[in-house]
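Enquirer: Sequence annotations record features per position, and here TrEMBL assigns transmembrane segment to 107-128, 148-173, 185-205, 351-372, 392-421, 477-495, 501-520, 532-550. Annotation comment: TrEMBL describes His491 as active site.
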Amino acid sequence: MRVGREPPQVDDHFGASLDKEMNIVRLRHAAQKVRAEFLGQLDGHLEGLLDSFVGELEKQSDQDELNANDSDQRPKQGEQKQLKEKVFIARESLLTQLLVNKNIRTIYNIFVAMLIVFVLNTAVYEYIENGSIKLNVDMLLWQFGQFPVVLSTWCIMMMWTMIVTFVLFQYWATNRHKRNRVPDRVWLCIYIASQLFMCVFPLRVVLSHQLPPASTIIVIAEQLRLIMKTHSFIRENVPRARQWKPRSDSAEADILQKNGVVRTIGHSSSNAYLRSPTNGHLRGNGHMRSRSDGCPRFLAHANGVSVASQARLASNGESGGGPCPDFSHFLYFLFAPTLIYRDRYPQTPKIRWNVVNTNLLQVLACLFYTYYTFERFCVPVFRNFSQEKLTLQRLVLCVFSCMLPGTLVLILAFFAILHSWMNAFAEMMRFADRQFYKDWWNCKSYANYYRTWNIVVHDWLYTYIYRDFQLLRIRKSISMIAVFVISALVHEYVLSLAFGFFFPVLMFLFGGVGFIFIFITGKGTSNLHNIFVWLSLFMGNGILMCLYSQEWYARQHCRAPTENSTLWDAATDLVVPKSFFCNWQP
C-alpha cells in the first residue's frame, strides 16, 4: 500500500513570517521613537546651553551698564563715551520659551483653573442669591463705553501721524539742501507744534466726552505711543537727512571716513553687509549678525557716535538710500511692537494665525480675570466706604487686604500687555525680536527690575532721554533722575485722566521710594534681595489699590463742586483728596 506525502505546512510558515515582519515593524517604530526622543532631548539640551550662553552675555552687558552708571563723573574732553545702541535680533519671548517646559505650563494651567473658579463662584452666587445665573459684566461694559468716540479719536491721531508728520518730514529732508530753503529752526518749531497737537487733541476729547477709565487709558496710551514713535522716527532720520547730499554718480565712496571702519566700492544698497570692528557682521540697515548665534543687544559707541549709527547713516545717506525712508517703512514701524525706528527689522518667514488667536484670547481672559478680581475682592470692601468712618486701623487693614489682589492685577497686566498683546502684534507683523521683557521676577535689585520689567519703554527712555543727555555731556545722575521723573509723571498723567482726579500716590512710590530703593538694593546678589524686591512689590501694590479705590468711591459719594462753584473750587476739587477729608477719623 502506497502512503501519500503530507502536504507542506504553508499556513504555519506564512504565520511565522508574518509575525517576524510585524516584530521588525514594531522594532523599527520603537527605534524611530527612541531616535526622535533622543534628538528632541539633545535639541532641548543644546537650546538650553545656547540660551544660557546668550543669557550670560546679556547679564554681563547689564552688569557693565550698572558699573558704568555707578560712575558719576562728567566726561572729560576727548574721552570716549561707552554708550550703547539697540540692536534687533530674532528671539522669542522668555515666557514663550518657558511655557514649553511642562512644569512651567502647569503653573499656567493653575491660573486658568483659578479663572474658571472665579466665573463659577460668580455664577453660583448669583443663582443662590437671585435665582438666576448672571455673570454681571455691566461694570466691565461701562469701563469700555463710548467706543465710537475712542475709535474716531484713534483714527484722527493715526491719520495725523501717518500723513502730516511723514509728509512734512519728507518735504524738509528732500529740500533742505536748496538755497531758498526754509530754516531748520522753523521746521523744529513745526515739529514741536505737531507734537503739541498730539498732546492737546486726545486730552480735549477725554475731558469733553468724560470717557470712562478703560476707554481713557486706550486713548491716552495710543497718544503716548504715537508721540514716542514719532520722536523716534524723527530722531533717527534727522542725522540721515543732514548727511545726505544729492549725487549723480555711484563711484567709489568712503562710508566711514572718520573712523575708517568700512569702505565700499561702487553702488551699495541698504542691504549690503558692512564689516564692523566687533566680532560679527553689521548690516547697513542697522541689524547685526554675530559669528556665533548669540548676539549682544547693544553695540558700543566710539567717539560719541556708534559704529552701528555710522554704518546705517552711511549706507542710507551716502549711497543712494535717500534722505527719507519709504512710507512703507514708516507705516510698518507704526504697528510694529517697538518704539525704536529702524528701516528694517528681523522677520519671521510666515504668520502663524494660531499663535495670534491664542495670544488675543489670553488678553481677553486676563481682562475678565482682572474684572472678577476687582468684583470679588475690591468692590465689596470699598462699596460702603461713605457709610463707615475711616481710621488708621481700617486703613492699615485695607492695605494688607489689597496686597494679594493688587499683585495679581500687576501680574495679569504684565501677561496681557507685555506678553500676549505684544506677541500677537509681533506675529501679525512678522516681527522676530520678541524680547519685550526679561526675567524681572528674578531681579535682586530695583535697578535691574526697572530695566527688565518693560524692555520696550526702557529702550526708548534709554535711547532718547538718557543717551541723548549723555551726548550733551550732562551728568549721569541728572540723566538718570530725568528718566525717572519723566516716567513717573507720564504714569501719573495716565492715571489722573483715567480716574478723573490727581492723586500722586504712584508718582511718589515709583519716582520717590522706588528711586531710593535703587541705592538700597545696590547690586543685590543673594536671595534675600529678591525677597525684598517681591515684598516691596506686594506692599506697594496693596497701597496703590487701597488708596486709589478709596479715593474713587469717596468721590462717588462725597460732595462735588456745584454749578455755582468758582474755577478755584473746581481746580482744588481735582487735587485735594476726598478720602482723607470726607469721613476721616483720627
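Every residue gets a Cβ built from N, Cα and C, even glycine.
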Enquirer: By a Cβ-Cβ criterion of under 8 Å, what residues six or more beyond either terminus of the transmembrane segment (148-173) are in contact with it?
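Expert: For the transmembrane segment (148-173), the nonlocal Cβ contacts are 182, 184, 187, 190-191, 194, 197-198, 201-202, 205, 209, 211, 215, 218-219, 222-223, 226, 229-230, 233-234, 237, 240-241, 244, 323-324, 327, 330-331, 334.
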Enquirer: Who sits close to His491 (active site): which same-chain residues at least 6 apart have their Cβ under 8 Å from its Cβ?
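Expert: Set apart from His491 (active site) by at least 6 residues yet with Cβ under 8 Å, we have Leu506, Met507, Phe510.
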Enquirer: Of the stretches 185-205, 351-372, 392-421, 501-520, which racks up the most C-beta pairs under 8 Å with the transmembrane segment (107-128)?
Expert: 351-372
Enquirer: Counting only residues 6+ away from its ends, which parts of the chain sit with a Cβ under 8 Å from the transmembrane segment (532-550)?
Expert: 378, 381-382, 385, 390, 395, 398-407, 409-410, 441, 443-446, 449, 495, 499, 503, 505-506, 509, 513-514, 517, 521, 524, 579
Enquirer: Who are the chain neighbours of the transmembrane segment (477-495) in space, where the CB to CB distance is under 8 Å and they lie at least 6 residues beyond its ends?
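Expert: Those are 69, 72, 217, 220-221, 224, 457, 461-462, 465-466, 469-470, 502-504, 506-507, 510-512, 514-515, 548, in sequence order.
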Enquirer: Taking residues 6+ outside the transmembrane segment (351-372), which of them lie with a CB under 8 Å of any CB in it?
Expert: 111-112, 114-115, 118-119, 122, 137, 139-140, 409, 412-413, 415-417, 419-421, 423-424, 427-428, 430
Enquirer: Counting only residues 6 or more past its boundaries, what in the same chain has a CB within less than 8 Å of a CB in the transmembrane segment (392-421)?
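Expert: Hits for the transmembrane segment (392-421): 93, 95-96, 359-360, 362-363, 366-367, 369-370, 373-374, 377-378, 381, 436-437, 453-454, 456, 537-539, 541-546, 549-550, 586.
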